[in-house]
Amino acid sequence: MLERIKDSFTESIQTKIDAAEALPESIAKAAEMMVQCLLGGNKILACGNGGSAGDAQHFSAELLNRYEIERPPLPAIALSTDTSTITAIANDYSYDEIFSKQILALGQPGDILLAISTSGNSGNVIKAMEAALSRDMTIVALTGKDGGAMAGLLSVGDVEIRVPSNVTARIQEVHLLVIHCLCDNIDRTLFPQDEQQ
């Protein structure tokens, strides 16, 4: 059991090393897109299932409240938090539409969708991306494995941040780190701080 625990740490470290080589450019591009979105008076919508729903909520909380510096709140909405809306849509229509219907109601041109799926194949996240495209929103896709069907929906103006791993737990661990990198870049760009602090 102890060896298995150590192996989990080692795998996680190696996945982060691989991600540190593969992902910085796409993370920086996504952060810059988010900064421009926010400067333009727009908002970021985020969605995912299970642990990815938790990541969407984590990202939105960091923007709405604060990350590491005191600053004004920034507009971000996690689409996985309203159980009445989610269960109504799932019951009356389909679970695949729980995010897309919210995007059709809330999304505006210039907004960004942060679409999170470790496999890239979550049906409701794919539908969310399709709805975002119909609203002239930009997409930042946080994926893993081979990018799945989500990768095929992205255009030149969108960004995929694909974790170089096939292990769901390792992908989720890097997704959280990516979210923190995005928040850090957004904060430091919008609210430059003295590096001594």
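Even glycines carry a Cβ here, placed using N, Cα and C.
Per Swiss-Prot, the substrate site holds ASN49, GLY50, GLY51, GLU62, ASN91, ASP92, SER117, THR118, SER119, SER122; the candidate it also names there, chosen from GLN172, GLN193, is GLN172. Burial estimate for the binding-site residues (HIS58, GLU62): highest at GLU62, by number of other CB atoms within 10 Å. In this structure, the CA atom of ASN49 (substrate binding site) is 13 Å away from the CA atom of HIS58 (Zn(2+) binding site). Listed in sequence order, the residues of the same chain lying 6 or more apart from SER117 (substrate binding site) and placing their CB within less than 8 Å of its CB are GLY48, ASN49, SER52, VAL125, ALA141, LEU142, THR143, GLY148, MET150. On its own chain, GLN172 (substrate binding site) has GLY51, SER52, ASP55, THR118 as residues at least 6 apart in sequence with a Cβ closer than 8 Å to its own Cβ.
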